[in-house]
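Database features, via TrEMBL:
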- 26-49: transmembrane segment (TRANSMEM)
- 42-291: domain 'G-protein coupled receptors family 1 profile' (DOMAIN)
- 61-82: transmembrane segment (TRANSMEM)
- 102-121: transmembrane segment (TRANSMEM)
- 141-159: transmembrane segment (TRANSMEM)
- 201-227: transmembrane segment (TRANSMEM)
- 239-261: transmembrane segment (TRANSMEM)
- 273-293: transmembrane segment (TRANSMEM)
Amino acid sequence: MPKPNSSFVTEFAFEGFSSFGWRHRLVFFVVFLTLYLLTLSGNVIIVTIIRLDRHLHTPMYFFLSMLSISETCYTVAIIPRMLSGLLNPHQTIDIHGCATQLFFYLTFGINNCFLLTAMGYDRYVAICNPLRYSVIMGKRACAQLSSGSLGIGLGMAIVQVTSVFGLPFCDGFVISHFFCDVRPLLKLACADTTLNEMVNLAVSVCVLVLPMGLVFVSYVLIISTILKIASAEGRQKAFATCASHLTVVIVHYSCASVVYLKPKSQSSLGQDRLISVTYTVITPLLNPVVYSLRNKEVKDALRRAVGRKPLSP
């Protein structure tokens with residue numbers, strides 16, 4: 001029940017980086033804006049290259065383009081308002097705007113988790129069952145995995161947003177974060193949040209532990225298959241096709257797990273905010289950087305696009 005003598009909150013303010021002086025906030029603004037523009041341009045380039053170059057019309061690059069689009073939507077939901085808050089730390093957001101931001105943040109964040117799982121499955125089929133790869137990973141299967149990832153994201157986001165914004169918010173209106181996230185909002189509620197915290201934990205387990213487990217099993221099978229390859233060159237080539245995906249997976253799941261799976265008693269909003277900067281600003285940039293710098297096929301496609309390498313038949 002709401003606390004007595006309390007008025008219901010209709011808008012929130014972000015604590016964000018308001019504890020820093022304007023010079024530090026200006027530095028953060030320049031750094032984060034630069035990273036954001038690099039992320040947007042990198043993802044746009046990847047999606048465009050994959051769309052235009054027929055050499056990249058494969059399931060692996062289909063999922064990569066879907067991940068790039070999802071990462072772009074994910075950052076658009078968070079970073080522009082964060083940048084605005086760095087210049088004007090006293091801005092507010094109404095409760096409907098906060099719910100909308102949380103919905104899109106969760107939808108695309110969860111979508112990213114399951115897209116990475118689908119990419120792990122794609123690599124498993126390619127290495128462990130190469131003769132049936134084109135049959136198993138046909139266009140229909142790719143579309144189903146992609147739409148299924150988005151569907152899970154939408155469903156889980158609706159559950160979380162309904163759970164959080166079904167609570168009353170009374171006197172507290174300053175969110176100890178730079179965007180609307182579940183845990184900081186639950187701390188502001190003026191009612192018992194035990195059930196809501198259980199819902200949050202259940203969703204976190206479903207969207208982090210389950211995909212991580214599936215990716216782990218995939219890579220155990222992949223590595224055991226690669227080790228059976230007779231030639232060193234063959235083993236190296238097989239590992240190379242997985243290296244980019246594995247790098248993104250480790251960073252993505254590590255950051256998200258630290259914030260959403262650690263016990264409430266060990267939760268520090270300040271520490272969570274620092275880690276959140278990593279997976280909302282830095283991790284999305286990792287995707288285009290890793291796949292463009294470490295992936296020979298993407299680099300070749302970029303060279304073909306700028307006319308530095310002749311088109312092969």
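Numbering starts at 1 and runs along the chain as displayed.
Any Cβ shown, glycine's included, is placed from N, Cα and C.
Worth saying up front: this structure is predicted, and the values here are computed from it rather than measured.
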Would you confirm whether the transmembrane segment (102-121) and the transmembrane segment (273-293) meet the contact rule of 3 or more C-beta pairs below 8 angstroms, pairs 6 or more apart in sequence?
no
If you average pLDDT over the domain 'G-protein coupled receptors family 1 profile' (42-291), what do you get?
87
